[in-house]
Amino acid sequence: MEIGQYQPNLEGDGLRIGIVQSRFNEPVCNGLADACVEELERLGVSGEDVLLVTVPGALEIPLALQKLAESNQFDALIALGAVIRGETYHFELVSNESGAGITRIALDFNTPIANAVLTTETDEQAIARMTEKGRDAARVAVEMANLTMTLDQLSDDEEDEEDEDDEDEEERA
């Protein structure tokens with residue numbers, strides 16, 4: 001049996017990308033953002049089509065993402081942040097709540113969101129991961145923007161076929 005298969009599309013030309021970056025753990029978050037923006041450019045996304053906003057910390061990322069998603073101006077969004085374990089339970093709270101919020105926004109607004117909020121035990125781990133994770137976020141955003149547009153087109157094609165079937169039935173009646 002032969003099945004249809006979608007091949008990942010990393011062509012960013014014409015895509016509009018919104019980025020929300022935490023300022024907490026700023027050196028790491030700036031490293032994430034630099035790598036992400038460089039990779040978006042490498043993938044063909046124009047600087048004019050990228051909006052980067054900053055928020056105080058990881059817990060504020062979901063609200064900013066929601067506002068960007070509500071605007072319907074972006075094909076994909078990216079969350080950038082760094083939550084580094086400290087001495088208290090706060091690490092788990094921030095990690096879990098920011099991640100859940102990011103996922104909820106993606107599902108509620110049918111908008112792809114690349115989650116590059118690092119959760120690490122140490123500053124050194126975060127620094128070691130920031131460049132590759134920033135690049136990865138750009139690739140995920142572009143790939144998922146293209147995938148969702150393709151899947152949306154499938155839905156539109158199916159609706160068009162249903163409309164044609166309804167018209168045929170009306171003509172026969």
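Using N, Cα and C of the backbone, Cβ positions are placed for all residues, glycine too.
According to Swiss-Prot, the features are:
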type	residues	note
ACT_SITE	H90	active site, proton donor
BINDING	F24, A58, L59, E60, A82, V83, I84, N115	5-amino-6-(D-ribitylamino)uracil binding site
BINDING	E87, T88, R129	(2S)-2-hydroxy-3-oxobutyl phosphate binding site
COMPBIAS	154-173	compositional bias 'Acidic residues'
REGION	150-173	region 'Disordered'
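Of E87, T88, H90, R129, all annotated as recorded positions, the residue with the shortest Cα distance to E60 (5-amino-6-(D-ribitylamino)uracil binding site) is H90.
Residue pair T88 ((2S)-2-hydroxy-3-oxobutyl phosphate binding site) / A82 (5-amino-6-(D-ribitylamino)uracil binding site) shows a Cα separation of 16 Å. Listed recorded positions near R129 ((2S)-2-hydroxy-3-oxobutyl phosphate binding site): none (candidates F24, A58, L59, I84, H90, N115; Cα-Cα distance within 10 Å). In this entry, (2S)-2-hydroxy-3-oxobutyl phosphate is bound by E87, T88, R129, whose most widely separated C-alpha atoms sit 23 angstrom apart. Residues F24, A58, L59, E60, A82, V83, I84, N115 are recorded as binding 5-amino-6-(D-ribitylamino)uracil; their most distant pair of Cα atoms lies 16 Å apart. Highest Cβ count within 10 Å among the binding-site residues E60, E87: E60. The residue listed as 'active site, proton donor' and A82 (5-amino-6-(D-ribitylamino)uracil binding site) are 13 Å apart (CA-CA, integer value).
Cβ environment of A58 (5-amino-6-(D-ribitylamino)uracil binding site): S22, F24, G81, A82, V83, V94, S95, S98, V117 lie under 8 Å away, each six or more residues apart in the same chain.
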